[in-house]
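A short write-up of the structure that comes next.
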Amino acid sequence: MGKENYELYSVELGTGPGGDMAAKMSKKKAGGGGGKKKEKLENMKKEMEMNDHQLSVSELEQKYQTSATKGLKASLAAELLLRDGPNALRPPRGTPEYVKFARQLAGGLQCLMWVAAAICLIAFAIQASEGDLTTDDNLYLALALIAVVVVTGCFGYYQEFKSTNIIASFKNLVPQQATVIRDGDKFQINADQLVVGDLVEMKGGDRVPADIRILSAQGCKVDNSSLTGESEPQTRSPECTHESPLETRNIAFFSTMCLEGTAQGLVVSTGDRTIIGRIASLASGVENEKTPIAIEIEHFVDIIAGLAILFGATFFVVAMCIGYTFLRAMVFFMAIVVAYVPEGLLATVTVCLSLTAKRLASKNCVVKNLEAVETLGSTSVICSDKTGTLTQNRMTVSHLWFDNHIHTADTTEDQSGQTFDQSSETWRALCRVLTLCNRAAFKSGQDAVPVPKRIVIGDASETALLKFSELTLGNAMGYRDRFPKVCEIPFNSTNKFQLSIHTLEDPRDPRHLLVMKGAPERVLERCSSILIKGQELPLDEQWREAFQTAYLSLGGLGERVLGFCQLYLNEKDYPPGYTFDVEAMNFPSSGLCFAGLVSMIDPPRATVPDAVLKCRTAGIRVIMVTGDHPITAKAIAASVGIISEGSETVEDIAARLRMPVDQVNKKDARACVINGMQLKDMDPSELVEALRTHPEMVFARTSPQQKLVIVESCQRLGAIVAVTGDGVNDSPALKKADIGVAMGIAGSDAAKNAADMILLDDNFASIVTGVEQGRLIFDNLKKSIAYTLTKNIPELTPYLIYITVSVPLPLGCITILFIELCTDIFPSVSLAYEKAESDIMHLRPRNPRRDRLVNEPLAAYSYFQIGAIQSFAGFADYFTAMAQEGWFPLLCVGLRPQWEDHHLQDLQDSYGQEWTFGQRLYQQYTCYTVFFISIEMCQIADVLIRKTRRLSAFQQGFFRNRILVIAIVFQVCIGCFLCYCPGMPNIFNFMPIRFQWWLVPMPFGLLIFVYDEIRKLGVRCCPGSWWDQELYY
């Protein structure tokens, strides 16, 4: 097979001259070469320089060999499908499963253990070839080491496999079916079978199945919020209205939603060649950043591996110098490595992260990458999208102006009730107008669904008005039926109003009712009177001024404002059955009566303000990054607390002081709103300076490329950046961030694929839960690692004493593996369940460069203080066991050569008793067991002191963490099983030991506990002192 050539292009959707959206392509990476690569580049450029929106219908037909009435020929469609491939976004090339598994088996510590296993196997093979089979220790040790690496590797791979496949359930981006016309026949096919030149039809409620050039449309509006971040519906029509394909109205984009109306058009781009496909390419061109916890563990593994090799090599040289054979010295080197490397550490870390991920999953946070759990805890900046993340992603009626008063509507997510007076006749008239002058309709069969959650066919504004009407009137659709519609003029950009005429519900009243809604200033200019408390009053200058004040007040809140008016048509001029002609306009469209204003906004989620406040308390900066209008963005930012009360922008200060903006000192403004045009003109250093100067930032009208720039600028300031979002336009920034958080319900597939974490309930507040859990797991991992490292010293010192003082070996390699992977792993993991010592959400985020997972105080305290005490306990028990069997300590010194002599069968102890080699081996295994039990008894004290780093263990409580209590009991039970289970001496070299040998290490365990309580007392009493700096880890 030849090497596959591939090229990757990123797309920048930026703002061009005059505020136009422009597309810019940059080549990111190329593989292969020669003429094919150049040709492919030229083809890509041609696709980027799309001019399909400017071509006439006949030119389109010629270009794509299709018909605007009959569509493609079926035979040609099959050829094009073969040439271009399916109409689907190609997923990024994944890592093969065998490579993922191999990585789990070949990390830094794993490589050391493979080498150690190989040395053991070689030693056993040489022993076997020489006929020396007195012990199979080397074979058992090799098999144990291999089993450790394979089992931990399988566990790690399983966790990664679960994480990477969790996204498989989210496949909502590409529509399942599309209506296509081929050879003049209309039928439905899978959307991925569409090709360029296909003639397709779509209606309200459908997703756009490809990039489509509109040929005909009736009231068609699309929702581009997942692409641009704008909540407002966008009209689609056959006319070319802009040079840029991104701004013109006659192109509908792949994966956007058709809200209402119908449209027919030709497919001009499919799959990866669509606009959304190019943004996905931009995301795939962004390299994943290493997570802080991954960097920490990598750093720690490097240190441990380096020290293990250093100690092993040192002892290897010493062993060679005192007369060991090369093979025995290598086995000794391997023993040092096994003793020094915490084999269970990676499994412990993985289990701790998995437990936290599971805990988060129960709170609707799904973690795709386990390491992202801790990263969220160290987050110092959250760059949040607005639409759908901070807001509900649905337009909602927020304010009404009638009877010369602004009334506030209920914008909560359940919209349980309205707070304004509904008894006014003006209110009834306004409600009638907004209900009748509305083309939106509920999908059938939703009577049992709460009104705010019902699916509506219609654009966002009309959907908001319909739901508002349903909540206030009751049955809005039934209300419409009582006022049959006679004629209608749909909203268009020229008139900027919508008008409809209805017959009245009272059969005795023969009049018609004309109702109109639209841009407030356009509606007002068609009115001559205004409805105040049910009475029509002349629309004089006083009322026009009142209207203007209300209009500016609502517009200043960043809300979309519509005006409403009505007119009863005289039955003499317009009798029942009169034929209204919308073309000739044979009815009045001026002299109307103004009923009021209604403003709408995509309101913030109820839980967001509290979540933002918690972030601020936790020292986390929340920055809004949206594609929406700056005024709307600023209003939402202020309502959720991103811009705090009393904070002003430069523009606000200038307005307050009545001075030019350029004369205001920017450092006086706490808040800042930057739009895409301004951002484009800023160089990186200016952006960094703006982020440093203004604590409260809002970015509006941003492109995907600009979101990337913002994330990179925050990272340049040393921040750990989390990015939240749900749209396709968020995916590049989600991938670039230290942690990307996507929305599970409203989120696009591209966003979910790029993210590290998915919020199943789309609730920004869930991020705060994630931050708290992330901080807690870092604290608990620190405690777990401190506990794990402590026993390395009592495991290492027996070999140090063995080779320097020449005593019989106190501890065997297999025994060490049982400590690492059997008895100690359960208490180590149980620390993941430990509750926080204090309110960790009142602390600043940790600095990844300064607050390391394993720092000098932790290593020094674990190794040289607690570890040293455990070593003394082990040797006290070892020498006690030897003395009680007749081997006094002084006799043990220098005894090693005779002790290990296979041929010496009459070695005398301190009482003159003679010991055969088999008896000595039995005693040596007894010493292994004694030293093992000593370490385990001291580790019980160690795990109790690790419950807290600053508070007293009595303050934290001994029994609050029930898992830890169970783990300690389990640890003791395993120790008893290994000591007293029949057959253990022959398999794993564990021997039954006397009861008093269990008691020898207990005073040392008590010393560890008391010593640590004194340390914690000093840390609490002397904050900032030498004691605190050196002994608080």
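Cβ coordinates come from backbone N, Cα and C, glycine included.
Of the candidates S216, S284, S838, Swiss-Prot records phosphoserine for S838; the remaining residues carry no such annotation there, which does not rule it out for them. The membrane topology recorded in Swiss-Prot places A77 on the same side as R950. Here Swiss-Prot has V338, A339, V341, E343, E820 binding K(+), and the candidate from E795, E834, E837 in that same listed site is E795. Listed by sequence, the residues of this chain that lie at least six past the ends of the topological domain 'Cytoplasmic' (1017-1033) yet keep a Cβ under 8 A from its Cβ atoms are 782, 786, 855, 857-858, 860-862, 949-952. E795 (K(+) binding site) is 51 Å away from D726 (Mg(2+) binding site) when you measure Cα to Cα. Ranking the binding-site residues E343, D730 by other CB atoms within 10 A of the CB puts E343 at the bottom.
Sparsest Cβ environment among the modified residues S838, S952 (other Cβ atoms counted within 10 Å): S838. Here the candidates are the recorded positions A339, D385, S461, D730, S952, and by Cα distance the one nearest S599 (phosphoserine) turns out to be S461.
All protein chains considered, the CB of V338 (K(+) binding site) has 29 other CB atoms within 10 Å. Helix, strand and coil counts from DSSP across the topological domain 'Cytoplasmic' (833-852) read 4 helix, 0 strand, 16 coil. When the recorded positions D385, D730, S838, S952 are compared by Cα distance to V341 (K(+) binding site), the shortest distance belongs to S952. In this structure the alpha carbons, written CA, of S838 (phosphoserine) and S952 (phosphoserine) are 12 Å apart.
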